[in-house]
Every structure is written in structure tokens, then in C-alpha cells.
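A.B. asks: Can you read through this structure? Questions will come right after.
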Amino acid sequence: MNIEVLKSKIHRVKVTQAELHYVGSITIDEALMEASNIIENEKVQIVNINNGERFETYVIKGEKNTGVICLNGPAARKVAVGDIVIVIAYASMDFEEAKKWKPTLIFPDANNRLI
């Protein structure tokens, strides 16, 4: 039996941009992607701390070490610049394997930089 488990989490980053008329996605600083083990085009869940919204989209690689967190397309309506969000990726794995699984969690600073 396979179950979904937490794979990666970028905890409490600040939304730096919201681009409504861009094809949907979230643009994430490449340094944050690398540290969290999230790859381009991966499906992620976004949880907005400020308004309680939860939604899914996919990842676009942003310029490295810029701190960019940009919600694009319709997702831009679910955030405001300055909102704090959590980015979560999940993986499907065997139940027994999942018992031993350790997700990758990162906790960037207030400027979306690695600590």
C-alpha cells in the first residue's frame, strides 16, 4: 500500500510578487528549491498564513539568491505581496518505507534567505 507523505517544506516565506497575467505557477528562488529538494515543475501545495487559503500549483525556478517567491496566474488572487506562505511537496511511497522517511524542511529568514 502506498501513502502520501511530506517530502519537502519551505516554512514561512514572504510573497515578493504576484503576477496575475502570467501563466499559472509559483516562482521560487533556486537556492530555496535546492535546499528543500523541490524541483522545477513539481506540484506543490501553498498554505497562506495570512488568510488561510490552501491551493496547489507547480514550481518555476527563480533567480538564485534573490529571495523571489512569486505567485503567478490565478494563484496571484490568493495572496498579497508581503503575505507569509508555506510551500509543501508530497511524495507517494510504500507504507513501511514511509515509517522511516525523513522529509526535507527549511526555515528561511525574513528575507527568504537560507539561514
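Every residue gets a Cβ built from N, Cα and C, even glycine.
So Swiss-Prot says this about it:
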ACT_SITE  S25  active site, schiff-base intermediate with substrate
ACT_SITE  Y58  active site, proton donor
BINDING   T57, G73, P74, A75  substrate binding site
MOD_RES   S25  pyruvic acid (Ser)
A.B. asks: What other residues of the same chain, not counting T57, G73, P74, A75, have a CB atom within 8 A of the CB centroid of the substrate site?
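C.D. replies: Sorted by sequence, the hits are G24, S25, I26, F55, L71, N72, A76, R77, K78.
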A.B. asks: Can you tell which of G73, P74 has the least company, meaning the fewest other C-beta atoms within 10 angstroms of its C-beta, among these binding-site residues?
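C.D. replies: Sparsest of the binding-site residues G73, P74 by Cβ contacts within 10 Å: P74.
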A.B. asks: State the three-class DSSP label for the residue listed as 'active site, schiff-base intermediate with substrate', counting H, G and I as helix, E and B as strand, and everything else as coil.
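C.D. replies: Strand, per DSSP.
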A.B. asks: Determine, from DSSP, whether Y58 (active site, proton donor) sits in helix, strand or coil.
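C.D. replies: In three-state terms, Y58 (active site, proton donor) counts as strand.
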A.B. asks: What Cα-Cα separation, expressed in whole Å, is found between T57 (substrate binding site) and S25 (active site, schiff-base intermediate with substrate)?
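C.D. replies: Here the two Cα atoms lie 5 Å apart.
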A.B. asks: Cβ distance under 8 Å to Y58 (active site, proton donor), same chain, sequence separation 6 or more: which residues?
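C.D. replies: Spatial neighbours, sequence-distant, of Y58 (active site, proton donor): G24, S25, I26, N41, E42, K43, V44.
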A.B. asks: Sorted by position, what residues of the same chain at least six away from A75 (substrate binding site) have a C-beta under 8 A from it?
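C.D. replies: Within the chain, A75 (substrate binding site) has Cβ neighbours under 8 Å at G24, S25, I26, I46, F55, T57.
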